[in-house]
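Undergrad: This is the structure, below, for whatever I ask next.
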C-alpha cells in the first residue's frame, strides 16, 4: 500500500519537483497570459514548433499557466536567434494538465525549420498589487487578480515558501516601484485571513530562471502546501517615515529613511513630498489628521507633525506594573492610554537596541520571551536606526492575539557593587539584573571580569589578594558572566544561558584602590591607611586634620567620638598617605570627605577615641573568659557574635594569642553549638592590616541584615581549653583516656592512642613517665558515645595535650572502639598472702614487679581509703608485721591521707619509709566468685552474687575463675543476654591475681552480654551405646556431641579407656546396630577433642572448635556386634540369569521356524488349488483340506489367511507393479487373466478363470521381503529343470458360464 502511495506521489503532476524540471511560459506579449511559448527543460529554455498544430494545444497551454482558456493565436516571426525546439508536432486532446503530457515525438526529436511561432492570447489577464494602507502603493501584501471579460474572476495571494529577493524584484519592477528594498516577514501587512465561507487562495512560487522570467505569475506552480501567511513586499520607491524629537512617537520632526539606516529631514532628502498630514499620520499609524492638503517642502524649514494619537514605550513587569527601574521588562506601547503588548516572534537584539536607545537606557544586554499574553504587535523588524520602536516594520493586529511577550534588559538597569566589605572597592560581587541584586558564583570566573568591575567602579585594577566576606542572602545570577578585553562595562559581559546556577561559593573581589583606616592602638594611636598590602600614615597638621576629621576616623573604627587628637613628629623617610582630608560634616568613611593633596611632611595625625573594642570567647551569656566558645565582639558596650562565613584561620590564631589560650585548633572537626534566642550576630566580617597585632585593632564590618547568619556564629577553640586525664579505677597512671574539649570530658578512640608521641604526651601531662601501651576501654560505655576524640596528633616534644591537634567526631562504639593508656609509672595495690581478696598484706604491683608497702606512717585513715578503693567495704583492722624479709624490698613510698581523697594514690608521699614492717590489712567484705551455684564448674560468672560483663573478658580471666573454684582449666567461655541492659561487674585482670576479687572491677550497666565459663572439672564423657556409638560430653549442664576427627588417635584411646572399654576397633556398617538417638541425628558439634602428648586426662583435651560437620562416632573393643545372615553366592545369581536367557532364545527360534514352515505349506496348497480349478475338480479341494493338514496346521493356516486377507488389495497392487519389470508388451484395453499353475508346475492362464476364481485366492503375494519371498515360492512351484520362458499377452477366451471382465489381461507362456 505504501509503495503505491509513493508511486502516486512521485508521478503526480501537482508536485513542485516536476515543475522545477519542466516549465512553460508565454514570452513577448503583454503580460504573462500572452506571447509565444517557451519551455524550460533540462536547464535550457526552448520553443515549441507549430507543425500539426491543434486548437486544443492552446487550450492546454493557457490552462497550465493559470490564464484560463485560449482566446486567439497567430503566427509571428521568432524575435531572437532560433533556440532549441523542444517540442513539435504536438497533438493534445484538451484534457491534459501540461503540454508535455500531449502526444509528440519527443524532446528535441522533430526538426523545426520555420522561423515563425505561435503567439497565443489567453482569455484571462493577471493584475498584481501591494495591499496596504491607502496612498502608498509600493509596499504591502502581494495580491493577484485574474480578470476575464473585464470581470474579476479570482483573487488570492502568494505563499512565502521559496520566496527571495529575486522574486520580490520581479514584483517591484512590474509595479514600477524600483527594486525590492527589504524582505519583510510573511504576513507583515496582512490581518488574519480566516474565512471559512470564502477560503483564501494561495499560489505557490518556484521560478526556474528568474533572469529569464519577467513576471511573478510565470513562477507559479500547482503545488500546494501549508501556507499560513502571504508574501509581503517593500519596494525601494516606498518611503519610510518617522517622527523625531517630539513628546511621543507620533509627534516631532518628519524624517525619511533616505538611504539604508540614514535618516534625514524630509525636506532635506531626495524624496518629493506630496502627501497630506492625514496621509502621513495614517501611514505611521498615528491616527488621522483633518488636513487633506498636500504638504510641500520649504527649503528654509523642516516639517513637523503632531498626530492625534499619543504613543509611548514602556518596560513593565509581568503584571503590567512599573519596575523599580525603567530599563528592563516586557515591552508595551501606551497607545493613547491603552497598553498594547509587543509579541516576541522574530524578536532580536536589533529590536532591543532601538528600545534601549528610545528609553535612554544604554545598550541592550539581552532580549527574551516572557509568558503568554495577548499582544497587538508582532513580527517586529527594526533596522536599528529608528527613533522609536513604533516606527519599526511590524505586523499590527486590529484585535489582540495570543502570543509570548517581548522582553528586553538594557545596560541602564545593570549595575555592579562590592557588598559587605570594609570599603566600596572590596566585597562580594553583586550585579543588579532585572531590578534585583544578584551574587555571582566564583566558579568559571575569569580575570577579565574582575578588571571590568574594578574599572567600572573607578577602583583601579583587580588585586591578586582577596579578603574574605560573607556569602550574603542575595539570589544567585543565572546568566553567564564572561568579559573580554573589549568589554567596557559588566553589562557587556552578561550572556543568557539555560544552565542552572552552580553550587559553590560566591565571588569575592578586592580592587587595587581599596584602602582601609587603622589605629595603632585599641581605639587610640596614630592614624594609618593600608592599600594594596602596604601601610601609610595620615599627614597631620592644623591645616590638614581637625576634630571633625578625627571624629570620622573614630567612628569609622567603631570607637565612638574623638576626645582628643594631636600630631606626632616623624622622620622624612616615613611613608605618608598621598591625600589629606577635610570632613566638613559627619561621614561614614574618611574617604567620603573632601580630599586634598596638601600634606604636612613632618607630622602624623594621632587620635584618642571615647569608645572601646573587646573581642572574647564565651559559651553562653554568663560564661566568659574561657579558651573556647563563640566569638563575642563588644563595640562601645554593645556586644554580639561574628558570622562564620568570612572568618579565617589567621583570625582564630590572633584571638587565641590575645586571650593567652595557646594556639587555635583550626579547622574544627567537631563543634558543639549552644544556640539561644538571644544570639545576635552584629559583625559580618573582621579585617586586619599588616600593622594589626590584636583583634581590637581590626576593622569590623557591621551585619546589616540581622536575620542573616543567625544560625552561623563563629566558634573558636584554643588549645588552652584542651586537657587529658586517665580514669584510674584503683590504678595509678593507667586507665581510660578522656579529654576535656569544648567544655566536656570526651572519651578517646583507641586508634587515636596508637602513636607513641601521643602516648608520651598524655603520660607526661599526667606526670606518669612515658607511654607503654594503649588499653581497651574499661567499664560501661554508651552504645552511642556521641562526640569522641577520634584523632590526635602530637609532636615528639609535646608536654601537654593542649599542644596537640585534636579531631572530634560524632560516632558510636561500633565505629570507634574506645581506649585507655598505660604509662611507665603504672601501679596498683592488692592484698596478698591472706584470706581472699579483702585480707592480706598490702602490695604495690608496677612495671618493676611487686613490693610490700611499709607500715611507716600507715594509719587507720589510709586503711579505710584502701578498703574503699579495693571494693572491700568497711575497714576492720590492720597490723604491722615483721614480714619484710619474706617479701623482699619494701615499696619506696609512704602514704599519708589528709582531708577528702579520691583514692589511695592521692595520699602517696615521695619520702622513703624508715620502718621495715609490712602492713596486714583486713576489710569487712569478702569478694567471692562463683560459676552459677556455689560448687559448680560451669555456669555464669558471678562476683558477690552479681553477674560479670563480657567486656574485657578473655581466656586468662576464665583460667582464674576455674582455678579459684578448684575446677582445673577452663575449656570455653560464652556470651549470654546480648543486647539487654543488665547491672553487672566489669572485670579486668592483669595476670598477677589469684582470684577474681583481686582484679580491677567496677559496676555499671552492661549491654554487650554476660560471661559464662565452663571448666574441665565438670566434663564427663559417654557413648550412646555400651562401648560404641556417638561420642557425648556433659558440660554446660547438658549432654552434647563432640568432634573427634580420628577415632584411632590418642584421643580415641583415651576415650575408650575413660569408658572402661578396649581400644577403638573398625567395624563394617552392617555390624553396627544404631540406637534411636543416633538415628535422629544431632547438631554440628561445637567442641573437639585434641590432646597433646603430655595430656593424661581427656577433660583437658577439649577445645572449642568446629572441625566436623556431624557428630563423631567411635566403637571400642567390647562393643556387641550385630549378627549377620549368610549371603547368597554370586555364582548362583549368574547361573540362573544365563539359563533364563538361553530359554528365551530357544523359544524365539522355535516360533520363527514354525512360522516359516506354515508359510511354505500355505503356498504349496494354493498351487494345488489352482490345478484343481483347471481340471474342474476344484470342488473336491476344500473337503480334503482336513486330510492334507492336521488340526493344528489347519488352525494356523486359517489364522494366516485371515491375517493376509486384509492386505489382499495391497497384494494385488504389488503384483501389478511387479509385472512392469518383465519383458511384456502391453496392449490397451486387453484384459489379462490371473496366473494359474500348469500341470508341469509352470504358470499358464487358467481357461476357467473368473471372478469366483479370483475370489478364491487364485494368486497370493507375501508382503515380507520381496526377493526372499519370491525365491521361496519359486523353489516350491518350479521343477528343478527351470527353463527360460518368454511371456506374451493374448486375448483371453471367454469360458462358458463365466463373466469375462474386459479390462483384465492375462499372460500365457510361449511354447
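We count from 1, first residue shown onward.
A Cβ is built for glycine as well, from the same backbone N, Cα and C atoms used for every other residue.
Just so you know, TrEMBL annotations are computer predictions that nobody has curated.
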Undergrad: Any idea which of 1110-1131, 1132-1153, 1154-1175 is down as transmembrane segment in TrEMBL?
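TA: Per TrEMBL, the stretch marked transmembrane segment is 1132-1153.
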Undergrad: Examine the ranges 1062-1086, 1287-1311 and name the one recorded by TrEMBL as region 'Disordered'.
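TA: Spelled out, TrEMBL records region 'Disordered' over residues 1287-1311, not the other listed ranges.
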Undergrad: What does the DSSP secondary structure composition of the domain 'SRCR' (947-1016) look like, as residue counts for helix, strand and coil?
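TA: Reading the DSSP string over the domain 'SRCR' (947-1016) gives 14 helix, 30 strand, 26 coil.
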Undergrad: Based on Cα distances to residue 999 (disulfide bond), point out the closest of the disulfide-bonded residues 382, 392, 593, 897, 907.
TA: 907
Undergrad: Under 8 angstroms for C-beta pairs, at least 3 of them, ignoring pairs fewer than 6 apart in sequence. Is the domain 'SRCR' (947-1016) in contact with the domain 'SRCR' (724-824) by that rule?
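TA: Per Cβ check, the domain 'SRCR' (947-1016) touches the domain 'SRCR' (724-824).
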Undergrad: Residue 897 (disulfide bond) to residue 989 (disulfide bond): how many Å between their Cα atoms?
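TA: Taking the Cα atoms only, residue 897 (disulfide bond) lies 27 Å from residue 989 (disulfide bond).
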Undergrad: Specify the count of other C-beta atoms within 10 Å of the C-beta of residue 794 (disulfide bond).
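TA: Residue 794 (disulfide bond): 23 neighbouring Cβ atoms within 10 Å.
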Undergrad: Work through the disulfide-bonded residues one by one (794, 1091, 1101) and name whichever has its CA nearest to the CA of residue 493 (disulfide bond).
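TA: Of all the candidates listed, 794 is nearest in space.
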Undergrad: Which stretch, 126-236, 241-289, 724-824, 829-931, tops the Cβ pairs under 8 Å count with the domain 'SRCR' (313-411)?
TA: 241-289
Undergrad: For the domain 'SRCR' (552-610), what's the mean pLDDT in this predicted model?
TA: 88
Undergrad: May I ask which residues of the same chain, at least 6 positions away in sequence, place their Cβ under 8 angstroms from the Cβ of residue 1101 (disulfide bond)?
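TA: Residue 1101 (disulfide bond) has long-range Cβ partners 1051, 1054, 1089, 1090, 1091, 1095.
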Undergrad: What Cα-Cα separation, expressed in whole Å, is found between residue 102 (disulfide bond) and residue 382 (disulfide bond)?
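TA: Cα-Cα distance, residue 102 (disulfide bond) to residue 382 (disulfide bond): 51 Å.
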Undergrad: Nearest to residue 392 (disulfide bond) by Cα distance: which of the disulfide-bonded residues 92, 483, 593, 804, 989 is it?
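TA: That would be 483, nearest by Cα distance.
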